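Scroll down for the structure; my scribbles are underneath it.
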Amino acid sequence: VNCSVDCQLQVFNWSCPSTPSTPPPSTPTTPTSSQTTTPSTPSTTSSKSTPSTPQSTSSKSTPSTPPKTTLPGCLDFDPPRQVNETWWLCNCTMAICKYDNVVEIVELECNPPPMPTCSNGLKPVRVPDPDGCCWHWECDCYCTGWGDPHFVTFDGLYYSYQGNCTYVLVEEITPTVDNFGVYIDNYHCDANDKVSCPRTLIVHHETQEVLIKTVHMMPIEVEVQVNKQLVALPYKKYGLEVYQSGINFVVDIPRLGAQVSYNGLSFSIRLPYHLFGNNTKGQCGTCTNNTADDCILPSGEIISNCEVAADEWLVNDPSKPHCPHKGLTTKRPAITTPGPFPENCTVSPVCQLIMDSLFSQCHPFVPPKHYYEACLFDSCFVAGSGMECASVQAYAALCAQEGVCIDWRNHTQGACAVTCPAHRQYQACGPSEEPTCQSSSPKNSTLLVEGCFCPEGTTKFAPGYDVCVKICGCVGPDNVPREFGEHFEFDCKDCVCLEGGSGIVCQPKKCARGNLTTCEEDGTYLVVEADPDDKCCNTTSCKCDPKRCKAERPSCLLGFEVKSEHVPGKCCPVYSCVPKGVCVHENAEYQPGSPVYSNKCQDCVCTDSMDNSTQLNVISCTHVPCNISCSSGFELVEVPGECCKKCQQTHCIIKRPEQQYIILKPGEIQKNPNDRCTFFSCMKINNQLISSVSNITCPDFDPSDCVPGSITYMPNGCCKTCIHNPNNTVPCSAIPVMKEISYNGCAKNISMNFCAGSCGTFAMYSAQAQDLDHGCSCCREERTSVRMVSLDCPDGSKLSHSYTHIESCLCQGTVCELPQAQQSRTRRSSPRLLGRK
């Protein structure tokens, strides 16, 4: 076999001599070639090829060539091939290099492999072999969750889990895809915080993070974010697509064959086995077509309880500080399980629909047990929330994938109704990709989903346009459907809907040409504005702008003001000076009733009367009235430059209780007749009369210490004095007394001591010293101590404070000193004393 110039195989046949030194020639029979694909797990079965007849043998015969130890390969091929090397040609044809450019052609024929049983209860799917010739069965990795929430793993294991954190649904054990993972954000959705519901489905793929969030539950409202930004659907970027399919929001990664959907109540994840088999971890299990290893921990350990394992698949979520983070060594808080069904639980009749004849056609394809049990659970523990509808909805969705369409919502008495927009109708089994005018036959038209679809007889215009049209014409930026050939106006353009091309063609609207206008009147200008009868066209007119008027406002005299008058039909005002109705005096204006200063001896006022000659108001004046009498202590005196005499104070006036007054001349002192210790005085300082009331403070006086009959008044007539009785002397001692201590606004009354009493103090003449001899001692503290007291503050608090407490008193000697005046008198009297001697 050789390759021709036009890349065609040329087959040559001839007989080769039989000699021991040459290899045996190929016979024109087709060698048997078969290929068997052995599945690595029970989830795949492969087709097998059957032998076919070889098409050629080749080529040269060299009987004279001596025997060779190594057979030459097919060196004439590009690239050169070695002996027994195989390569694919086309149409499932394989070439085998036999020796020395001899090539064997083998055609593969595939036998259908036996259909395996998938542990998740779904039908296996046909998957092409890597060679593209044969195919094999695989059980797709399909995980779903719904309600509060209930899970069915990739391998079909059912369990419920009530965590309210963010968890890993699926990640790769050994990463083969950059940053791939699916995560679920749960929250407590009942009043007792015992059950949880899904809130956000999160999909990671390479550089993108997709969040499908439930923003409102009844009715369900969902939004989609990509990398924390809201996006419109359909969205397609970097190998990832997000679109709405019925009531579901789908994240599709075509390169991986991965699909993730979420509708606010349930989610599903479908992954191809040949890419993700034996390589998944998380709450969705391991995808091995074996439920025994689904309850796997992040450490790789397999346990028997999936609820316990699910609690370990936490995702660090800063928005949920109550959730433990990865790497914590402390014991995780136990998940609160709802416990057994309450005795008073009334099961919703919606759940019985799953087991009734309504779904009987689906029972052979999808076992209903798990969905029925989940529905009972939700109707008891989240009663009245409509959560039981999620179980029926999830089961009906799987039935639709198996081709069994069930319109079940009409049998729930409105408990699970779906509300559609006015321009759409609910269908239990519509196309997963709704047909549009641009694509009438979507690639997944055989898949069925429930949702809100365009009514019969209408078609969705295009992806991203929520517009249903009867005739596939055009939809412009106003979202109004148009028929082909229809003319319409939009954005001041004349548009037409055309078949083909961009669809809508628009041209600027043509307006009638108006007459040019010139504006000659003062203050007017030309303006172009929208025509009130046709907003797309303009009209020209003259408008008035007072700021453009050239006539200046006149300057008016005092007492007059400018008046502007608008004449009908004129743009600019007419100005004139009119009286303001005021008085004018010395270049100042006065309002009627206001005083007008003329001179000191007149009181003038502006009147309402107008002088017809000047058109100004008249000023009326009267002489200023003068005082003719003054109150006590004051006298009328002449004031230079004033019209009237002024009352000037000449005496001090002291007001006493009971409306009594004492009048004193400057320098006069008067005692209070009712109180010997109080006297009044009047002084003149810097021409100001200052009165004062003085009180004499007397020293302590105890009549019991006096010689009887010796009590007299001091010269001031206020204080008493007497001859001291020496027999009543009290010795120096510590005397207790109640006294208030205050500090920083806080105070308290406490008992403290003070020193008082008589000590041996004397003064006598000394003949030896020829002077007075003094002996002085004071009653002073002998021992003291520092004590603490708790003061009461106005705000109710306490303040600790220290003070000195006198423990005992003692007479202590001191130097006797006389006042300065007495010392002077003593010095003056000394000579007389010396003289007497």
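These residue numbers are counts, starting from 1, taken along the chain as shown.
Backbone N, Cα and C define each Cβ position, glycine as well.
Owing to the predicted nature of the structure, the values given are computational and were not obtained by experimental measurement.
Swiss-Prot annotations:
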REPEAT    17-27  repeat '1'
REPEAT    28-38  repeat '2'
DISULFID  Cys143-Cys284  disulfide bond
DISULFID  Cys165-Cys323  disulfide bond
DISULFID  Cys189-Cys197  disulfide bond
DISULFID  Cys732-Cys779  disulfide bond
DOMAIN    732-817  domain 'CTCK'
DISULFID  Cys746-Cys793  disulfide bond
DISULFID  Cys755-Cys809  disulfide bond
DISULFID  Cys759-Cys811  disulfide bond
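Feature map: annotations from Swiss-Prot on the structure.
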{"residue": "Cys165", "record": "disulfide bond", "contacts (Cβ under 8 Å, 6+ apart)": "Asn186, Leu314, Val315, Asp317, Lys320, His322, Cys323"}
{"residue": "Cys189", "record": "disulfide bond", "contacts (Cβ under 8 Å, 6+ apart)": "Asp148, Val195, Ser196, Cys197, Val382, Ser385, Met387"}
{"residue": "Cys284", "record": "disulfide bond", "contacts (Cβ under 8 Å, 6+ apart)": "Cys141, Cys143, Phe151, Thr153, Phe154, Leu169, Val170, Val182, Ile269"}
{"residue": "Cys732", "record": "disulfide bond", "contacts (Cβ under 8 Å, 6+ apart)": "Cys755, Ala756, Gly757, Ser758, Cys759, Cys779, Cys809, Leu810, Cys811"}
{"residue": "Cys793", "record": "disulfide bond", "contacts (Cβ under 8 Å, 6+ apart)": "Gly745, Cys746, Leu799"}
Please list, for the domain 'CTCK' (732-817), how many residues fall into helix, strand and coil according to DSSP.
0 helix, 67 strand, 19 coil
Three-state secondary structure, which DSSP defines for Cys189 (disulfide bond):
coil
Checking the disulfide-bonded residues Cys143, Cys197, Cys759 for other Cβ atoms within 10 Å of each Cβ, the smallest tally belongs to Cys759
A correct count of other C-beta atoms within 10 Å of the C-beta of Cys779 (disulfide bond) gives 21
DSSP secondary structure for Cys284 (disulfide bond), reduced to helix/strand/coil, please.
coil
Going by DSSP, give the three-state secondary structure for Cys323 (disulfide bond).
coil
Number of other Cβ atoms within 10 Å of the Cβ of Cys746 (disulfide bond) across all protein chains
18
So if I draw a 10 Å sphere around the Cβ of Cys811 (disulfide bond), how many other Cβ atoms end up inside it?
18
Per DSSP, to which secondary structure element type does Cys143 (disulfide bond) belong, with helix, strand and coil as the options?
strand
Quick check: in three-state DSSP terms, what is Cys197 (disulfide bond)?
strand
